[in-house]
């Protein structure tokens, strides 16, 4: 009888101990929602706080749902004073999605006991041999060789339309430039941070959104200013000014928001790319100004082709952005797409509202809005690629490409609506004139 009671008591104690163990969480993995793999060889780092009398008694078991997509090579184990770290080495085969289950087991003699299990860690495998900075090289070289002279010619044509007197006016009354700078470097980064926290983006993606929002004006803002009857001379001046300010404000914002997001490390600002962007605008525009004063007949020809050329470049730019960013669309989730739509829309709204409150002329209001909403997102891409390891950089780079694509689509929609409205007004006015004459 005593022996039976002892056995029952022993089983009860074991059951209580197992229940206590199952209620604890020993495994710690950096991210359990979704993992993006782009290289042939990848690793998953798992930390275990489980302790036993024998340190080597615990081990990991990894179960992969689809071995055609992902295969495990081995699991390396490293014991430290406060935790046991496991490195799961994997190789990727095909593109696709699969689920990974990770189990922590404890060996006691010939018996094994399941301590904890992390189920259904989703893994997306995207074959991408090159880095994102090399991605544009996959675009047809013939298109690039054709588009580059057209861009330079277009900037030169803008130089022919510039009135130098306007520079003096802006210098005396720099309010539009100040409004654009405040919106771009203070309000937009804060909005990007706030939105990324609301939708609970991972730290790397949130930083990508913030860096996109702290970029200077660009993205063909002067093209859209011309097509929407804004002040394109002011747009060029605002782009150049904000690009210069980016040399100071991008490092400041990257430091502030990386610390808030808990990201450590050194963030590299692509100074050479910022300067080259500035020169890429100033040199052809300056040539256009010289042509206007030295060869007026050539300048008048360039002014005539500027609108059709701007339309062509706008469509080609959207096409190239989608071509380069296609790989990122595969990794986009609903939250990132939503932010991609909101960021340019908020920039346009803030810029236009502030300019309207300051009672600026309508063309100036349009220009401030465009320069605040159309950001040079590819500078953010350069910052991310230079600052993060490749796996984290791929995740963070989704935001700049998504914002660039959404910006182009939104501006195209605005231009089409604006042109349609303008044509309807012209048609109605023409009809009224005819009725009046009759």
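The chain as shown is numbered from 1 upward.
Glycine is treated like the rest: Cβ placed from N, Cα and C.
Computed from a predicted structure; not experimentally measured.
Per Swiss-Prot, N-linked glycosylation site is recorded for 56 (among others).
Among the features that Swiss-Prot reports, N-linked glycosylation site is placed at 85 (among others), with the record citing sequence analysis. In the structure as shown, the Cβ atom of residue 85 (N-linked glycosylation site) sits within 10 Å of 14 other Cβ atoms.
Residues or ranges marked as N-linked glycosylation site in Swiss-Prot: 99 (among others). Under the DSSP three-state reduction, residue 99 (N-linked glycosylation site) is assigned to strand.
Sequence annotations record features per position, and here Swiss-Prot assigns signal peptide to 1-19 based on sequence analysis.
Annotated topological domain 'Extracellular' per Swiss-Prot: 20-142 (among others), in sequence order, evidence recorded as sequence analysis. Taken as a whole, the topological domain 'Extracellular' (20-142) shows an average pLDDT of 70 in this prediction.
Within its own chain, the topological domain 'Cytoplasmic' (164-174) has Cβ neighbours under 8 Å at 231, 233-234, 237, 289, counting only residues six or more beyond its boundaries. If you look up Swiss-Prot, you'll see 164-174 (among others) marked as topological domain 'Cytoplasmic', on the strength of sequence analysis.
The residues of the topological domain 'Extracellular' (196-206), classed with DSSP into helix (H, G, I), strand (E, B) and coil, number 7 helix, 0 strand, 4 coil. What Swiss-Prot records for 196-206 (among others) is topological domain 'Extracellular'.
Within its own chain, the topological domain 'Cytoplasmic' (228-231) has Cβ neighbours under 8 Å at 166, 363-364, 366-367, 370, 414-415, 418, counting only residues six or more beyond its boundaries. If you look up Swiss-Prot, you'll see 228-231 (among others) marked as topological domain 'Cytoplasmic', on the strength of sequence analysis.
Annotated topological domain 'Extracellular' per Swiss-Prot: 253-270 (among others), in sequence order.
Within the same chain, residues 153-154, 156-162, 226-227 sit at least 6 positions outside the topological domain 'Cytoplasmic' (292-308) and bring their C-beta atoms closer than 8 Å to a C-beta of that stretch. Marked as topological domain 'Cytoplasmic' by Swiss-Prot: 292-308 (among others).
The topological domain 'Extracellular' feature in Swiss-Prot is assigned to 330-333 (among others); the stated evidence is sequence analysis.
Marked as topological domain 'Cytoplasmic' by Swiss-Prot on the basis of sequence analysis: 355-367 (among others).
Sequence annotations record features per position, and here Swiss-Prot assigns topological domain 'Extracellular' to 389-397 (among others).
Taken from Swiss-Prot, the feature topological domain 'Cytoplasmic' applies to 419-438 (among others). Remote same-chain partners of the topological domain 'Cytoplasmic' (419-438), defined as residues 6 or more beyond its termini with a Cβ less than 8 Å from a stretch Cβ, are none.
Long-range contacts of the transmembrane segment (143-163) within its own chain (CB-CB distance under 8 A, at least 6 residues past either end) are made by residues 136, 222-223, 226, 232-233, 236, 280-281, 284-292, 299-300, 302-303, 305-306, 309-310, 312-313, 316, 320. Annotation source Swiss-Prot lists transmembrane segment at 143-163 (among others), citing sequence analysis.
The transmembrane segment annotation in Swiss-Prot covers 175-195 (among others) and is backed by sequence analysis. Only residues 6 or more beyond the boundaries of the transmembrane segment (175-195), in the same chain, are considered here, and those with a CB under 8 A from a CB of the stretch are 206, 209-210, 212-217, 234, 237-238, 241-242, 245-246, 249, 253, 257, 260-261, 339, 342-343, 346-347, 350-351, 354-355, 358, 360, 364, 367-368, 371-372, 375.
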Any contact between the transmembrane segment (271-291) and the transmembrane segment (334-354)? By contact I mean 3+ C-beta pairs closer than 8 Å, pairs at least 6 apart along the chain. no
Selection from 334-354, 368-388, 398-418, the stretch that has most Cβ pairs under 8 A to the transmembrane segment (232-252): 368-388
Could you give the residue numbers and ranges of same-chain residues that sit at least 6 residues beyond the topological domain 'Extracellular' (196-206) on either side and whose C-beta is under 8 angstroms from one of its C-beta atoms? 31, 261-263, 335-336, 338-339, 388, 392-393, 395-396, 398-399
All-chain count of other Cβ atoms within 10 Å of residue 99 (N-linked glycosylation site): 14
Cα distance, residue 85 (N-linked glycosylation site) to residue 99 (N-linked glycosylation site), nearest Å? 21
